[in-house]
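S.K.: Right, I'll just put the structure down here and ask away after.
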């Protein structure tokens, strides 16, 4: 693929930082190497000398001596080599990307670690979006994505979707305004990429089926656009077998996938990872070299030590326990909704994730209801307008999260909300 046509002028101008290059060399060098290159602080002057973390099974992860010194020091912008290696092997096991053994300049799969997947996504957007570019999304979508894209001056087009995700026929209709060969002409402004959250979409909880993904991928090939597969809730799918990913069917090297440990291990550690064609991942890393420099070394090593202790089987066992918890939480909020909101509102059963997307009947704009009146009744929800491209347009929707509240709290919240809706009709 010709990746240069997707890159912005800023991204094309990026060059490796010589300082960061020496850090990469140092991370792989033998201990006999005498380093006078980097400006790394002397760890003997760091005030922290040890740390210990107790894991849920009662075991302990300890940071002492050389490990604590490493955890508090600069590290490579790509990510810690051992964690990169573990994650690459895990991605191959989970998704078996066709591009694993491609030549580096022809879409070979690569991976880098970011400060949460939002960090990686923002860098991907800035790598790809020029003012006036056409970008495809499916509403409603996470405001963090919208607010990262909008300042870049792109033309954001909504692709119709339902409870099973993006509707391929709707995408075909949008694409029909161009000819496939138009992608070779920058003045035609053909779509540069499709952004989607395929599992447990925030806020709807909808998931894209495998069959639809195949149709969408073929359209991406026909019209030559990239796919950004933002999948933070991949490990929170409530039914097995899990649907195949876009990465698993990427024969061209046109998929950039964003993963995170935020939903399953810790949101505060801020560790995510981006997988995709080497040319594009390298550009994200070049951005990291001169911005955040690298993801937190301590956070990366905490996760690495945990993964080494667990192994793949232990990690997936933790995922199963996590899924059971959130599935029970989902069932609790559905029970509360059915008890109090039946007849007043409607919703689909979330397939994954942490959210229930609710449409109130008879109220065309829930903004005041949710932002003011519900808070007065001590119920905090998110109004739906912020999840749409035109955030000023009225909407009957709002988002309820089932991640933190107890079943009793969910029941009480929806009881209060039901009374409020009745008063507002």
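Heads up, the Cβ atoms here are built off N, Cα and C, so glycines get one too.
Remember, it's a predicted structure, so these values are computed and weren't measured experimentally.
Annotation source Swiss-Prot lists substrate binding site at 20, 74, 202, 399. Under the heading phosphoserine, Swiss-Prot lists 40. Per Swiss-Prot, the feature N6-acetyllysine maps to 69, 179, 263, 339, 351, 422 (among others). What Swiss-Prot records for 172, 263, 339, 367 is N6-succinyllysine. As annotated by Swiss-Prot, N6-(pyridoxal phosphate)lysine applies to 263. Look at Swiss-Prot and you will find 1-29 tagged as transit peptide, backed by sequence analysis.
Structural setting of the listed features?
M.R.: Here residue 202 (substrate binding site) comes close to 141, 142, 232, 233, 353, 354, 355: these same-chain residues lie at least six apart in sequence, with C-beta atoms under 8 angstroms from its C-beta.
There are 13 other Cβ atoms within 10 Å of the Cβ belonging to residue 40 (phosphoserine). Following the DSSP three-state reduction, the secondary structure of residue 40 (phosphoserine) is coil.
Under 8 Å, Cβ to Cβ, and six or more positions away along its own chain, residue 69 (N6-acetyllysine) finds 43, 46.
Neighbour density for residue 172 (N6-succinyllysine): within 10 A of its CB lie 15 other CB atoms from the protein chains shown.
DSSP assigns residue 179 (N6-acetyllysine) to coil in the three-state reduction, outside any helix or strand.
Sequence-distant neighbours of residue 263 (N6-succinyllysine) (same chain, 6+ residues apart, CB-CB distance under 8 A): 232, 233, 235, 236, 354.
Taken residue by residue with DSSP, residue 263 (N6-succinyllysine) is part of neither helix nor strand, so it is coil.
A 10 Å cutoff on Cβ-Cβ distances gives residue 339 (N6-succinyllysine) a total of 13 other Cβ atoms nearby, all chains included.
Residue 339 (N6-succinyllysine) falls within a helix when secondary structure is assigned with DSSP.
For the recorded site, residue 351 (N6-acetyllysine), the DSSP three-state label reads coil. Neighbours of residue 351 (N6-acetyllysine), defined as other CB atoms within 10 A of its CB across all chains, total 24.
Every protein chain shown contributes to the tally, and the Cβ of residue 367 (N6-succinyllysine) ends up with 17 other Cβ atoms within 10 Å. According to its DSSP assignment, residue 367 (N6-succinyllysine) is helical.
Of all the Cβ atoms in the protein chains shown, 9 others lie within 10 Å of the Cβ of residue 422 (N6-acetyllysine).
Within the chain, the transit peptide (1-29) has long-range Cβ neighbours (under 8 A, six or more residues past its boundaries) at 35, 37-40, 74-78, 80-81, 106-107, 126-130, 186, 192-193, 226, 252-254, 277, 279-280, 283, 286-287, 289-290, 293.
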S.K.: Would you mind sorting out which of 20, 74, 399 (the binding-site residues) have a C-alpha within 10 A of the one on residue 422 (N6-acetyllysine)?
M.R.: none
S.K.: On a C-alpha basis, identify the one among 20, 74, 399 that is nearest to residue 40 (phosphoserine); the candidates are the binding-site residues.
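M.R.: Nearest by Cα distance to residue 40 (phosphoserine): 74.
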S.K.: What whole-number Å value do you get for the CA-CA distance of residue 367 (N6-succinyllysine) and residue 399 (substrate binding site)?
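M.R.: Approximately 11 Å lies between the Cα of residue 367 (N6-succinyllysine) and that of residue 399 (substrate binding site).
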S.K.: Fewest other CB within 10 angstroms, which one of the recorded positions 20, 179, 399?
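M.R.: Counting other Cβ atoms within 10 Å of each of the recorded positions 20, 179, 399 gives the minimum at 179.
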S.K.: Distance check, please: Cα of residue 339 (N6-succinyllysine) against Cα of residue 399 (substrate binding site), rounded to an integer number of angstrom.
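M.R.: One finds 18 Å between the Cα atoms of these residues.
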S.K.: Could you tell me which three-state DSSP class residue 202 (substrate binding site) falls into?
M.R.: coil
S.K.: May I ask which residues of the same chain, at least 6 positions away in sequence, place their Cβ under 8 angstroms from the Cβ of residue 74 (substrate binding site)?
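M.R.: Long-range Cβ contacts: 23, 38, 40, 293, 294, 297.
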